[in-house]
């Protein structure tokens, strides 16, 4: 064989018999398997014979050291021509035109070395942006830091820097290049990081995110869109509250940068209520801090401090509180560790708080709420869970009474009184009552709620509860489980009478939310809930009501939908009720519903009552119709772009209203008369535009903004110009809402498009429309509005 290696020749050994032969089999000699490098893999392996090759590659993020190709050599001894390559996570590098990849800390997954200064530069194709997704992140807090820069090295912008073990959120560039810089100090090393990068074509601004301890308003990210931010109580906004998406060539970015919310070190507080947080709360406060807060309220009020959380290093970090405006005022108390009072009340209208931390350990700190209250009055006692409060006067001698929600029973006296406390200051005479769901009880009245013990929290295992439900004698009991979730061994049984020997209506365990109880035959039922030992669950929320004994053949009455009407007033089993909407509204839901009888239960409608809504667009071909702004007569929403098309044919007569009226034919064309019934939008921001065609590329006939009513305008359309289509386009930009009947401000003080009240923008109308305005004869004219 050409190119094949043969074993050494074997001397010929003649056989003793001329008719016998000696055959021998042997393996071809191969190179030994060289293995696979750590963090690498084989691309191709041809079998380890002479002149065959193995091709290697490294996992994403690793760089190959050595040759990626190894060849098995010929000769007396089979060996590979090169040593096995290695795959290493290097300190820095330059990546160009890759669509995705991985950035690893040096030596990953082993801990990185000390005293590193590594720089990675990622360059994508023009018009693309780069996103980083963090898979692993663990560095020494405050000492080993990763920084990310957006844009070319010579003019890059610092996006973010991280240290510690918290996994960072994704981050995105606005340029087509990113720079990552990692620096480690001389001491502790951690496991490092693994970061996945990817590229994409930019078409909008990146998601600005929601700041920690803050909220965001606005989700649009197109050029020109704005987003507004607000911090939670106690936090201060660092940066501008409003940012705008800007496009510059192929770059999309927010201007200015999205803000952050921080718990600041000190400040002056003058509002009637607020929150004071230790620096960086809820994260540990930094060492060596000296922070002062001054609280001052109306001279007729005093201040209460309510401690929500308190955790400081004992004996080293302190919070001092003074009765006055500075540290020269009388000291109320110095607090450390986790010992702090529930509440502190001032004698005057100002307090001074001084926080001091040493140079070592930082703890989670404190969150303190402050409120003002009138002198000689108690503080607002607040509300109770599962209950309501009656009374708003907190002066001395006044009382507050609490009531529980349906299904709950009150614990402790329900009324508290404002009296002079032992410290000589106004205080409530007792603690607030509580509302609990009991285990069993007597329930009467025409309707009510029965709850499992401790609802909405899990019930306690190992108990049996009996609930007796009685409604007026001329009725029977109907019930439904609004929520039902028990352990499988725990059972709720309902009996058709006052004793468990009565007929069993239902026996439930597990999950049965929405389950309807069969109609009882009398005015009383008994529920027995048996909770065995072991696991428990949330329990049940049972709603009952008294219904007429004939309710199995009679459905409940049906109201008319708002902005519509009901056709039919018969609600017995088998009857059908139909619905229709007022002009301009669209029916959402069923046009007709039927009353159906249900064995052993109430008769029920087969569907819910529909609603009448205003659509944000539509095509209209009928001879007469109405167009309303979205939500009419309520204010329309922000950021709307609604298009209505009115399609007319030669020789036809059409009338519409947008709160508008449209009519008639003239000569070879068509005249559409618009009468403004009601019109109010935000002046110069929200507008109604009318185009002579099927889209916004057609000639514009008119544009309306502001306030006007009682106007009549004729719009002329020449039938020789092709399709007879007239479009009404309303573009309502994001801004304070206008209303259908009246705007959010007095619209009569401003006119649409800067003209006198009631005047149509004639300079925006086509010559054909102006001719119609000047009194061209109509074949037919309708003077009344239908």
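Each Cβ is built from the backbone N, Cα and C atoms, and glycine gets one as well.
All annotation found in TrEMBL is predicted automatically rather than curated by experts.
Marked as domain 'Sushi' by TrEMBL: 29-89 (among others).
TrEMBL lists 91-200 (among others) with the feature domain 'CUB'.
DSSP assigns residue 118 (disulfide bond) to a strand segment in the three-state reduction. Marked as disulfide bond by TrEMBL: 91-118.
Residues or ranges marked as domain 'Sushi' by TrEMBL: 203-263 (among others).
According to TrEMBL, the feature domain 'CUB' maps to 265-373 (among others).
TrEMBL lists 376-437 (among others) with the feature domain 'Sushi'.
For 439-547 (among others), the entry in TrEMBL reads domain 'CUB'. Across the residues of the domain 'CUB' (439-547), the predicted structure has a mean pLDDT of 92.
Positions annotated as domain 'Sushi' by TrEMBL: 553-614 (among others).
According to TrEMBL, the feature domain 'CUB' maps to 616-706 (among others).
All protein chains considered, the CB of residue 118 (disulfide bond) has 19 other CB atoms within 10 Å. For residue 91 (disulfide bond), the same-chain residues that are 6 or more apart in sequence and have a Cβ closer than 8 Å to its Cβ are 106, 116, 117, 118, 182.
Each residue in the domain 'Sushi' (376-437) gets a DSSP state, and the totals come to 0 helix, 27 strand, 35 coil. DSSP gives residue 91 (disulfide bond) a coil state; it is part of no helix or strand.
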